[in-house]
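Feature list (source: TrEMBL):
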{"type": "TRANSMEM", "residues": "182-200", "note": "transmembrane segment"}
{"type": "TRANSMEM", "residues": "206-221", "note": "transmembrane segment"}
{"type": "TRANSMEM", "residues": "233-250", "note": "transmembrane segment"}
{"type": "TRANSMEM", "residues": "262-283", "note": "transmembrane segment"}
{"type": "TRANSMEM", "residues": "331-352", "note": "transmembrane segment"}
Amino acid sequence: MTSILNTVSSILTSRLTSVDRVGALPVELTRRRSVWSTSYTESSGRRFVVRAAETDTDKVKSQVPDKAPAAGGGSSINQLLGIKGAAQETNKWKIRLQLTKPVTWPPLVWGVVCGAAASGNFHWTPEDVAKSILCMMMSGPCLTGYTQTINDWYDRDIDAINEPYRPIPSGAISEQEVITQVWVLLLGGLGIAGVLDVWAGHTTPTLFYLALGGSLLSYIYSAPPLKLKQNGWVGNFALGASYISLPWWAGQALFGTLTPDVVVLTLLYSIAGLGIAIVNDFKSVEGDRAMGLQSLPVAFGTEAAKWICVSAIDVTQLSVAGYLLASGKPYYALALLALIIPQIVFQFKYFLKDPVKYDVKYQASAQPFLVLGIFVTALASSQ
């Protein structure tokens with residue numbers, strides 16, 4: 001454990017040696033010899049330069065604004081949720097919250113609920129409720145917050161192209177403050193996992209191992225040299241597994257026992273998570289292309305990637321419905337099918353029309369039906 005944390009620490013801190021603190025605002029975004037350069041100027045005159053891989057700059061033209069919405073032009077709610085359209089903020093605690101992207105916590109929290117339901121051993125007692133809430137805090141604010149913060153840290157050069165007004169590339173929060181946040185959230189999540197193992201009476205620290213494995217997966221997803229997100233297929237599946245399988249396993253391990261069929265079923269559902277992850281790639285096409293990241297919209301083009309996305313979501317759920325039907329659970333299969341239909345409707349209404357313009361509307365309208373479908377599957381697994 002100590003060696004893993006030391007390795008992570010050395011890699012993170014090695015990125016900090018060139019400068020003590022990121023400057024206040026990005027002041028230059030230029031193209032020289034087909035290389036993107038993002039420069040930050042400090043009051044002392046020193047400059048911190050991040051360069052992307054060489055690319056054809058005639059084909060890479062960022063469509064995003066080069067600064068945050070003007071004061072009063074952004075949304076304070078969006079800032080607290082960590083989504084685009086956020087207002088500029090100087091309060092460090094609000095900026096710290098923004099980095100953790102609270103809008104991404106609900107799927108993890110819901111995954112814990114599904115796992116607890118699938119165990120068949122959850123009861124509405126004060127002790128079980130307290131255990132589940134603590135597990136939700138581990139999965140959501142702590143480990144998801146860690147994942148989002150470390151992802152923003154390693155994406156700071158890409159965000160300097162796509163969204164230069166985000167907290168890290170804009171210098172709204174210092175490098176050392178970001179690193180401190182990463183460690184606090186990581187150690188907090190691992191600590192809670194250890195407490196839950198003791199509370200549940202585990203002879204093997206199952207929850208700690210799940211938390212540690214998920215944290216390591218999050219790290220290699222964002223950080224070089226592996227940086228799984230460079231490959232659209234592997235990276236998005238890893239993201240889908242993190243958001244669906246891991247919290248489900250945590251909730252089920254807390255109250256019961258993981259079984260092979262549940263592991264297979266949740267990994268299958270992670271393919272739908274792959275489709276969800278692709279939704280977020282469309283708004284970053286320009287920066288991903290400039291940095292050489294092979295997200296699916298970059299690799300296949302926007303039109304093909306749209307259909308890959310919806311196919312991964314729909315075919316997965318239809319397959320799970322077929323599995324439930326074959327397992328002698330027709331009512332659960334029909335309930336899942338009823339939840340798939342509105343998702344398809346919203347895909348045509350929003351996402352397939354314009355995945356960038358309507359991404360928020362699509363996710364707000366379609367994804368509730370997806371998470372309800374996961375819960376239906378969890379209930380079926382408990383029978």
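For all residues, glycine too, the Cβ spot is worked out from N, Cα and C.
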Looking at the stretches 182-200, 206-221, 331-352, which one shares the most CB pairs under 8 Å with the transmembrane segment (233-250)? 206-221
Distal contacts, the transmembrane segment (331-352) - CB-CB under 8 A, six or more residues away: 279, 306-307, 309-310, 313-314, 317-318, 320-322, 324-325, 358-359, 361-362, 365-366, 369-370, 372-373, 376-377, 379-380, 383
